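Enquirer: So Swiss-Prot says this about it:
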- 25-239: domain 'tr-type G' (DOMAIN)
- 34-41: region 'G1' (REGION)
- 34-41, 113-117, 168-171: GTP binding site (BINDING)
- 92-96: region 'G2' (REGION)
- 113-116: region 'G3' (REGION)
- 168-171: region 'G4' (REGION)
């Protein structure tokens with residue numbers, strides 16, 4: 001057993017008391033991102049090592065692996081703690097998203113180590129989708145690169161409010177304050193173009209040597225800020241979903257016998273209470289919450305993030321993908337939306353193509369009506385394009401086969417985030433973030449929609465023998 005963990009359990013008075021203490025710690029989900037070979041995996045290995053989260057047998061195995069696959073000469077290659085795939089170890093790079101867990105006395109952490117190569121940008125977007133904070137690594141020798149900008153923009157797009165810019169490998173530039181200041185200024189110039197307000201912090205460090213990771217560096221007396229670990233332990237995270245209205249996407253209908261019908265899922269935002277009047281969309285039918293059932297027993301109130309089963313007072317028709325919300329809220333269904341898309345397939349995305357869409361447990365189809373623009377990652381400018389290439393990011397108009405109830409992604413990542421699936425191969429080819437639901441075209445003053453008027457004009461022009469009258473009252 002890890003000696004530090006054993007000591008913590010002993011101090012808490014046993015395993016059960018230690019587990020209770022762990023449950024009451026706050027949880028921070030963060031990812032490491034940046035360009036290839038910036039030291040992301042090494043940084044995570046250093047965090048695990050310096051917080052004493054490595055078991056003795058893991059440390060022994062790491063020594064042996066460092067001799068066979070290591071890239072640091074005689075030194076311990078901490079990146080091997082995270083790079084688990086054989087291909088990753090052979091190439092000395094990260095390919096898949098690797099998740100690691102560790103804790104300190106102040107907080108629990110889940111880390112997503114994401115790949116830096118451009119062809120694995122889709123993996124990075126996957127890792128970032130559930131995180132509250134992003135550590136953006138920059139090699140002190142190279143400065144701000146294209147992937148630095150790309151990952152910054154994707155993190156911002158996915159609603160991550162906290163960015164920690166870790167300027168790594170300071171030992172290779174002589175721990176130069178001038179180098180740190182120059183990179184900091186370059187990044188702030190770029191970050192000024194990112195949408196929204198961001199909490200951006202800068203930490204100069206050496207993941208290989210441990211400077212300013214968990215302990216203050218003696219080699220950089222000019223830096224008097226917190227270490228990286230101190231930033232992670234103290235940053236205040238405010239979850240948007242806690243302050244948003246109730247959203248409960250139905251994941252499945254739970255009907256174990258004739259006496260019970262419940263609607264299971266995870267509460268995406270807000271809270272729900274027993275007795276609360278709720279509305280089912282898209283049908284609009286209303287009812288009251290009779291019970292809130294969980295594995296550990298019934299609740300009187302549930303909050304965002306909890307997996308629950310709702311039992312309603314009335315027997316009404318509810319299916320997987322329906323959305324439950326407070327009865328007093330009016331959320332119209334829409335059939336089109338402007339969606340920010342991160343494209344993940346070799347075949348480009350073009351207007352006119354159709355795909356399967358999954359959003360909040362519901363599966364439907366959508367057609368690409370138009371690509372409004374693609375974002376140039378280097379300067380965040382928008383340019384008109386005919387198609388969106390692999391790893392391209394752009395704003396796309398989608399029309400769905402049926403009306404959907406949507407929030408914007410910034411309001412609610414669950415009801416505003418979708419995945420795009422190829423209908424033939426069933427492969428996920430894109431990630432979408434709803435920027436703006438587009439409401440149906442309003443009826444004209446005549447009472448007819450634009451579509452009906454256009455169809456009427458077409459029939460009268462090409463089929464006059466049908467004798468169709470002009471809906472606007474003309475001849």
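Quick reminder: no glycine exception, Cβ is built from N, Cα and C everywhere.
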Enquirer: Within 10 angstroms of the C-beta of residue 40 (GTP binding site), what count of other C-beta atoms is obtained when all protein chains are considered?
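Expert: So the Cβ neighbour count for residue 40 (GTP binding site) comes to 31.
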Enquirer: Which residue counts does DSSP give the region 'G1' (34-41) for helix, strand and coil?
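Expert: Per-class counts: 2 helix, 1 strand, 5 coil.
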Enquirer: What counts of helix, strand and coil residues does DSSP assign across the region 'G4' (168-171)?
Expert: 2 helix, 1 strand, 1 coil
Enquirer: Taking the Cβ of residue 34 (GTP binding site) as the centre, how many other Cβ atoms fall within a 10 Å radius?
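Expert: A 10 Å sphere around the Cβ of residue 34 (GTP binding site) contains 28 other Cβ atoms.
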